[in-house]
């Protein structure tokens, strides 16, 4: 039985309507001047009162026009919101279980199932729980109606019979009270009938036996998606509640661009704390890779090349040149190292090589006279511009201005000639004058011990923060010494420093 509201709502004057638009900060909420004649509720507009009146009359003027859908609504907004459920596209996704929804409010209601601190409403009579207060109130109204109470627990309206009250409760549940649904759609393989075509398609798995829905936790298969969902909630509830907390792996840009293998000798040094790294004199570290392998020609294509980089504290690290992009091979004419350069000598420089070998043979017989000659000899070590002719091929090995400016502070009385020979391998093989592809050098074991004994003191001076000269300056000086050996005009000057 529908109850008619006394008075016609269309007769309400337009001047009594609440002003539309957003309220300003200082304004108060609009007064609810439009009370309902059947209940105690009041509204601030005629439209809202009219929509509310449909809950008493059971009228639903806005009907869905989709095929096989008999739903109707009290407002145009609710009809438009419902029409989104007929769309095949689901735009709202749950971040916990990746379930998709047509409407945002459906997703919001679904998120309550993942909230560990969610507020649930539990019925004391049957123990059923509800996430929303409205659903809980509808459930309590059903209990009250079956017990004989003729008052609606949702809107507090009284009815004359239990049947009328139950029919009224459907309006609060969003269901139409007019007409009885018919099962219009029949299965082709059996006599069962269903309300919608979707129910028929879901029923078809009984006849086909297909099980397309696989459980990702136990590999059990199901023919219907709702059966899989029920299985997941029942058997794998803990796995569903776990949130994916694994961060995205951000790759190191250095390791992405170049794969640099570090030698085993550097691993104990790199594992030291930073305080010990700055205070400890690296007597052994300076000797790392001093005599790696016999120097090979950069023109040899069959062998793997190695490039030795100089770390900030004077440590050297070999880099496999095959791991670098091939375009980088053009940028390095000779490998960077604390030792002498691996130089491919052209044919026109072969006479110069004989002079270098004869000089090195004379160098083995004698030792530096004293450390007093170091300032004078350091000025003759090729720190002056080379006077070689451009036809000598020494242009590729000429000393740059930057290396000259760095090596100038090293011309101090505290500098010994033994420091200039830190590029000579201490424990290398004996000098072989017949070796063609290398510039190997050697000297007596006594000179090696004297050089090693003097290395720690000089290393501590170089590690001093007040000293502006780093170990890289020694490397550049070694390069200057090597480049000075390549010119025939500077060899006699360097030889006179030891006489």
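Glycine is no exception: its Cβ is also placed from the backbone N, Cα and C atoms.
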In Swiss-Prot, which of 18-21, 22-25, 26-29 is labelled motif 'Nuclear localization signal'?
22-25
Summary of DSSP states over the zinc finger (34-56), given as helix, strand and coil counts:
11 helix, 4 strand, 8 coil
Find the average pLDDT over the region 'Massively activates transcription' (384-499) in the predicted model and report it.
47
Going through 34-56, 62-86, 92-114, 185-207, 213-236 one by one, which has the most CB pairs that fall under 8 Å from the zinc finger (150-172)?
34-56
